[in-house]
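Participant: So TrEMBL says this about it:
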COMPBIAS  303-312  compositional bias 'Pro residues'
DOMAIN    394-429  domain 'RING-type'
REGION    296-326  region 'Disordered'
REPEAT    109-151  repeat 'NHL'
REPEAT    155-197  repeat 'NHL'
């Protein structure tokens, strides 16, 4: 299987058709429908660049908050989308509800949900999936999945907050295949698999760990950095799982058992969110929430292209092709020279060659030490400046500079105005006999 980047679609500007913050997307009747939470609309994006754009090219209503179950079409940060070809379901996240509208006239026909954590209540609906007459909704802040029928009648919910198997933390994208529900468990950095009834089956992936001295690679296999979008590619050769990362800005192609096949990074990509596919599975579309764009990939049964060689290996190959001394031989010669010099100088501690991990660890320690020193220096300079400023301010008004010295104590702690109004030194309480103006 090969996932290949094709192009990025965008609409820049400030008009109503511009992409501002795309979230989730679905494929309907030759177009990609993509929710935009800042435009408070659903964009209609034709996938054929030669085709005339649909008119109008977005679905929207009166923008604003309306948590009541009314038939009025009103969006406030729309996110997840689902469709049966006749109706469009929209996760109206900050209205804490799900809206159902007809695609023919774009009128709202049903509405469900209210704010809260109880039955038929939502705290931030995100991705949605429609399968077997059921609508499944990932609710971000209640850490669960709510299940409705096609008429938006609440049936049940599953999942709870946590990091154990079957527990969720900020679920986002959701997809269904062969009676299995795949949920992007963004807070736990994994994809969890359930039955349609909510029984936990397995987990795919693990939370992404930032690079360190012991771990150089930022793309360790099986780790997800804030996964947001999931989709199932039902190809003739078998079903595959697609996972889009908001944090890692990558698209992963995996088998349903979790084995990683390929990772693809769109050029100039940002925080990736929703994923959808064309009906034949040959095209993959990914909503980019921070660029903002809609990325298109091609998906085929061909083998994925080999990864490019690392810069060091490429340089070595170029050097050898030109007939020069291979770089690996040059490095070995330099290492032998270093050892001979160390032995001649009696530096026995320098004879042992440092491994790559040790060098990286030293670099990390030195970098942390340097940052600590710089931070401490900034703190000391700021403290010294503050202390100097305090020494210059009048201790009575803390506004004007000190200008008068008192006798007999000798303290210079007041400005001229305050010095004229005190009978004793504010510092030592000794009665003032003489006030001397000091000029600097």
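Each residue, glycine too, has its Cβ placed from N, Cα and C.
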Participant: Using DSSP, what's the helix, strand and coil tally for the repeat 'NHL' (155-197)?
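Facilitator: Helix, strand, coil within the repeat 'NHL' (155-197): 3 helix, 25 strand, 15 coil.
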Participant: Take the repeat 'NHL' (109-151) and count its residues per DSSP category (helix H/G/I, strand E/B, coil), listing them in that order.
Facilitator: 0 helix, 25 strand, 18 coil
Participant: By DSSP assignment, list the helix, strand and coil residue numbers for the domain 'RING-type' (394-429), in that order.
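Facilitator: Going through the domain 'RING-type' (394-429) residue by residue, I get 4 helix, 7 strand, 25 coil.
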Participant: Could you tell me the mean pLDDT over the repeat 'NHL' (109-151), as a whole number?
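Facilitator: Computed over the repeat 'NHL' (109-151), the mean pLDDT is 94 on the 0 to 100 scale.
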